[in-house]
């Protein structure tokens with residue numbers, strides 16, 4: 001199979017470098033940007049990883065092409081922080097990723113939707129080669145089956161629990177903090193739903209799409225803050241950012257910071273939505289996705305045996321599907337040669 005991937009994740013690089021590479025990849029390899037002659041790409045960008053999957057007749061040339069483009073936009077030395085996989089190793093990697101086995105929060109569920117969205121977005125804008133269709137369709141199918149059969153992650157603390165516990169501790173002397181959600185992403189919707197079930201009622205949504213904001217406001221009984229009024233974020237106690245943006249949405253020098261009460265800001269995004277320098281303000285506690293993920297290390301200890309079994313199933317399934325693919329391609333060549 002002529003497939004490969006080049007990527008960076010939470011294990012290998014800090015947020016600063018991941019920010020820079022995520023912005024460069026979105027600019028150069030986003031679905032509506034990815035017309036690159038004979039090279040074909042699918043970009044998978046989440047808070048914990050940025051990966052470019054590719055297919056071409058010359059994988060080595062495409063790999064070099066990718067690196068040369070990234071070096072134009074990212075000044076920091078990054079080559080030693082990247083990982084690359086080709087062929088069946090690439091297939092196995094994406095299946096592990098989609099299963100949640102390679103996530104910062106082991107066996108998290110959001111990654112399945114993120115992989116599906118990346119694939120669907122690419123197919124909307126691009127005519128992809130059959131190898132990339134095979135890679136994503138099979139990876140999603142295998143991952144779904146493994147998660148279902150092994151019940152991965154069920155009953156264990158997840159990101160919503162970590163966010164709730166952090167908020168409860170921070171606002172232990174506040175009965176109903178004013179909460180602002182910036183963005184209607186899947187993770188923000190899950191957190192919103194979870195906090196609502198825990199009797200948090202003073203919640204506001206701010207999103208680029210007014211239609212989506214109104215839908216969520218009706219569904220959960222939320223207040224609305226128009227996107228053009230995001231600069232008034234400091235009127236809230238607890239601000240949770242979960243939206244895509246190539247630029248910081250709030251910066252220290254741009255926004256007035258009142259001194260009356262402490263703020264808890266959670267930035268769940270890569271690239272980040274919040275300028276890190278904002279955390280230097282004595283009245284602001286700014287937490288990024290890596291800091292929140294560290295609260296959930298207990299998940300891994302509670303799932304050791306299931307994770308081993310999941311890894312074995314990934315390896316077996318990708319091996320079997322790769323062999324079938326090769327046999328099918330070989331039979332086509334044989335038939336073509338016989339008819340020539």
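Glycine too: its Cβ is placed from the backbone N, Cα and C atoms.
Feature annotation from Swiss-Prot assigns active site, nucleophile to 47; the stated evidence is sequence analysis. The feature substrate binding site is assigned by Swiss-Prot to 46, 47, 48, 49, 103, 108, 109, 110, 114, with sequence analysis given as support. Here Swiss-Prot flags 183, 184, 185, 186, 187, 188 as NADP(+) binding site, drawing on sequence analysis. The site 'Important for activity' annotation in Swiss-Prot covers 93, and the record cites sequence analysis as its basis.
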_Largest separation between Cα atoms (Å) of residues that the record links to substrate, namely 46, 47, 48, 49, 103, 108, 109, 110, 114_ = 15
_Near-site residues: substrate, ref 46, 47, 48, 49, 103, 108, 109, 110, 114, CB cutoff 8 A to centroid_ = 100, 104, 105, 111
*Using Cα coordinates, what distance in whole Å links residue 103 (substrate binding site) and residue 186 (NADP(+) binding site)?*
16
*Using C-alpha atoms, which one of the recorded positions 93, 109, 183, 187 comes nearest to residue 47 (active site, nucleophile)?*
187
*Cβ-centroid neighbours of NADP(+) site 183, 184, 185, 186, 187, 188, 8 Å, sequence order*: 181, 189, 190, 242, 243
*Express the distance between the Cα positions of residue 183 (NADP(+) binding site) and residue 46 (substrate binding site) as a whole number of Å.*
15
*asked:* Test of understanding: give the count of other CB atoms lying within 10 angstroms of the CB of residue 109 (substrate binding site).
replied: 17
